[in-house]
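These notes are about the structure you will find just below.
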Amino acid sequence: MVLLQTIAHAKINIGLMIPYKREDGLHEIRSVFVPIDFGDPMEIQIKSLPKGIVSRFVFHSTNHLQGYRHSLFEAVSERGDLSQNILTKTFHKLKPYFQEALEIKVQIQKHLPPEGGIGGGSSNAGVLLQHLFPYTNLSRGEQIQFAKSIGADVPFFLQSSACFVTGIGEVMEPIRLAKGFGILAIPPFGLSTGSMYASLQKSLQKPYGSEVWKSLTEDLIRSLHVGDWVYLQNRLENEFEKIAFQTQPLLKELKLGFFESGAIFASLSGSGSCLYGIYPTEEKRNEALPNVSLRFPKMEFRTFSF
């Protein structure tokens, strides 16, 4: 038996551009994905079963989410319809590839919010796959494609480095990033990824239809290396922000609030609704936390670093 204690980390997006809609109906992206030290603690137990026994999945969870998100997770937990949980779906899809019958038990402390743009479900699935792929014969390339079939962000969570990400999220180039200290805001409302992408109304183009953000320029790479966030602020923007701010004006006020509290970079993460601010030092970040918490009492705030 193998017993693993791990954390499914959230990610933030530093810049997010969607240059075009692909012929397969999915959207091409350009973004820097960064794993942060806020996540869901997970315990994974893997046990071999005797021949003739079918592989099985056991799931237990503690729900730490607030507001409507608490109900969303309950609905797909062992207290609701577990067949709709991303981890259950991941297990059953991977089960035919196991080289032996396995019993997989997962226990999770759920903190990462759905509809937040920080990879709440994708992170859980990615961590589970990391530990189950060794029980298959899938090559690295096949693992990436399998993870992609679970969700566009899932391949990123098979590894732990910040990456420049293209494709629909499966093409990753590791990059070196300066240490950063931030505050993550979790609003009491979510933004549907599907609705946000639909609102972009991107035209259908062939894969070679845009050269924008095809690669990071030397000045952007240097700025990410040294942490020149002021330089990056107006150069790595999230294309979803305009739509998010129109849909939920409080998010625009929140971004301004981060800057007024001393942040040197602030952005929506993914398609939202989570928004974050990055501060010059850990001390400045800690000083800002009570200020933004007081100004936005309905928000949940989490400090993070990377």
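The backbone N, Cα and C atoms fix where each Cβ goes, and this holds for glycine too.
Listed features, source Swiss-Prot:
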- Lys11: active site (ACT_SITE)
- Pro113, Pro114, Glu115, Gly116, Gly117, Ile118, Gly119, Gly120, Gly121, Ser122, Ser123: ATP binding site (BINDING)
- Asp153: active site (ACT_SITE)
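Every protein chain considered, the tally of other Cβ atoms within 10 Å of the Cβ of Gly119 (ATP binding site) stands at 28. Close to the recorded ATP site, the chain also has Ala10, Leu112, Gly270, Cys274: residues not among Pro113, Pro114, Glu115, Gly116, Gly117, Ile118, Gly119, Gly120, Gly121, Ser122, Ser123 whose Cβ is within 8 Å of the site's Cβ mean position. According to DSSP, Gly121 (ATP binding site) sits within a helical segment. Across the fold, the C-alpha of Gly119 (ATP binding site) and the C-alpha of Lys11 (active site) stand 6 Å from each other. Neighbour counts of Cβ atoms within 10 Å were compared across the recorded positions Glu115, Asp153; the minimum falls on Glu115.
You'll find the Cα of Glu115 (ATP binding site) roughly 13 Å from the Cα of Asp153 (active site). The C-beta environment of Ser123 (ATP binding site), restricted to residues of the same chain at least 6 apart in sequence and closer than 8 Å, consists of Ala8, His9, Ala10, Lys11, Gly39, Asp40, Leu112, Asp153, Phe157. A simple way to gauge crowding: the CB of Lys11 (active site) has 29 other CB atoms within 10 angstroms, across all the protein chains here. Following the DSSP three-state reduction, the secondary structure of Asp153 (active site) is coil. Taking a C-beta cut-off of under 8 Å and a sequence gap of six or more, Gly117 (ATP binding site) has these contacts in its own chain: Asn13, Leu191, Thr193, Phe240, Leu268, Ser269, Gly270, Ser271, Gly272, Ser273, Cys274.
The binding-site residues Pro113, Gly121 differ in how many other CB atoms lie within 10 Å of their CB, and the one with the most is Pro113. In this structure, Lys11 (active site) is part of a beta strand by DSSP.
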